[in-house]
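Enquirer: Take this structure first; my questions come after.
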Amino acid sequence: MEGERMNAFPSTMMDEELNLWDFLERAAALFGRKEVVSRLHTGEVHRTTYAEVYQRARRLMGGLRALGVGVGDRVATLGFNHFRHLEAYFAVPGMGAVLHTANPRLSPKEIAYILNHAEDKVLLFDPNLLPLVEAIRGELKTVQHFVVMDEKAPEGYLAYEEALGEEADPVRVPERAACGMAYTTGTTGLPKGVVYSHRALVLHSLAASLVDGTALSEKDVVLPVVPMFHVNAWCLPYAATLVGAKQVLPGPRLDPASLVELFDGEGVTFTAGVPTVWLALADYLESTGHRLKTLRRLVVGGSAAPRSLIARFERMGVEVRQGYGLTETSPVVVQNFVKSHLESLSEEEKLTLKAKTGLPIPLVRLRVADEEGRPVPKDGKALGEVQLKGPWITGGYYGNEEATRSALTPDGFFRTGDIAVWDEEGYVEIKDRLKDLIKSGGEWISSVDLENALMGHPKVKEAAVVAIPHPKWQERPLAVVVPRGEKPTPEELNEHLLKAGFAKWQLPDAYVFAEEIPRTSAGKFLKRALREQYKNYYGGA
């Protein structure tokens, strides 16, 4: 088979290497006057253009070279969404180096660990994160230069504007060479490193931008709420640059009022982020009666969007699409849209369809498989693990052979650890993380299904459901609920769940009311902390 492939009939096509720098070069040439708008940490709104970003990215290349950065060296960033971070998104890969977007929401210990593990040579960071950098600076073994992404810097640090050098030419590295890296933000163990190639992120940006995905075009105004330190900001800065769309980068202020000001003031048509941001925005819009002037499409990722959230935004004229991915998958591998022959379904049926995770995007091979790697029936009921193959799926973890071995199946699929069902149309519906499924009396209960149903109750703002040890049933669900105003009674919530189709044995045995639910750095519920806090609640630990 390998021999047949080697002896295949040759094509006449040019062998041009894929490179992220080409996105910015095209945007500067064709859409050079298109704006890139940033809200900085000070609240100031900064305006630039693709032509200026291109020129300054070339100057950043020159400046980094003067600091000793060469092909293959790692350059880390600790920063939110703004124009300087966008310049680094292109300059670092463009010079053949590797952009390591580190997550400032990790603990200082974890940040020091990943910067040392990646052996970063230069650290670019936002000025408001100076206390964090000062706290870990003494622990960093390889960082030689600390650059504050601002006009000025305190003594002992270099200001970004002063670090810019003479314009330098890009370096055309092989398309399979590394261009970026990120570390997982899981709830167990040390973060694991994933290294992205130019080829992976170019193909990912193209596939995710198709009409049945984000459907980005030059006419769009794109505001990524997802941070640029989180899995390439779902590749939106790359994809928006690819098509020449205006970009609005919101900085660290993601409260509803600040977002609405940017949405309306800049004519934003497309945005993307995690459900918690959109739940808060929906509450704000409904309480104020405000209607967004230009927003038309909204992507939800990071965790499942409750059906009620989709319905709320659709009533406001905003189309909501689910997306799914992981750090290990660059990240997007699944996006939701309604197939043409299903458009005749009732609005309720279509809403049910939109609440599913979606369909694998082009070039991604996806299966929902049992423990032996065999696909489970496409009946919408049989549970299996989501397993993936594709040009932007990781084949392992950086410097971690043990984690690499456990992450891959014998036939080379990546094991996500996410449990799902799929139906005859191919729609995937993530039910839970493997570690978050609740096994009660030998039967499985999905915590995600319970959470999404509970958040559809008018008196529930947020809900997290966890498995708690039980002396008789092995595990039973416990729901931690943040009320919306008046606190609902357990009886009200149980009645709501029964009406939603849950059996009595699937209902939580207890409801705990709280002011907030702890979260991971990626905005997901920190269920490990809840399990630890309530482990003795049923007397089964």
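Backbone N, Cα and C define each Cβ position, glycine as well.
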Enquirer: Of Gly302, Gly390, Gly395, Gly396, which does Swiss-Prot put in the tetradecanoyl-AMP site with Gln322, Gly323, Thr327, Asp418, Lys435, Lys439?
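Expert: Checking Gly302, Gly390, Gly395, Gly396 against Swiss-Prot: the tetradecanoyl-AMP site match is Gly302.
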Enquirer: How big is the gap, in Å, between the Cα of Trp234 (ATP binding site) and that of Gln322 (tetradecanoyl-AMP binding site), rounded to a whole number?
Expert: 13
Enquirer: Between Thr327 (ATP binding site) and Thr184 (Mg(2+) binding site), how far is it from one CA atom to the other, in Å?
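Expert: It is 6 Å, counting Cα to Cα.
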Enquirer: Drop a 10 Å sphere on every Cβ of the binding-site residues Thr184, Thr327 and tell me which sphere holds the fewest other Cβ atoms.
Expert: Thr184
Enquirer: Run through the Cβ atoms and count how many others sit within 10 Å of the one on Trp444 (ATP binding site).
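Expert: 13, counting other Cβ atoms within 10 Å of Trp444 (ATP binding site).
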Enquirer: Out of Thr184, Gly302, Gln322, Glu328, point to the one nearest Lys439 (ATP binding site) in space (Cα versus Cα); all of them are binding-site residues in the record.
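Expert: Result: the closest of the binding-site residues to Lys439 (ATP binding site) is Gly302.
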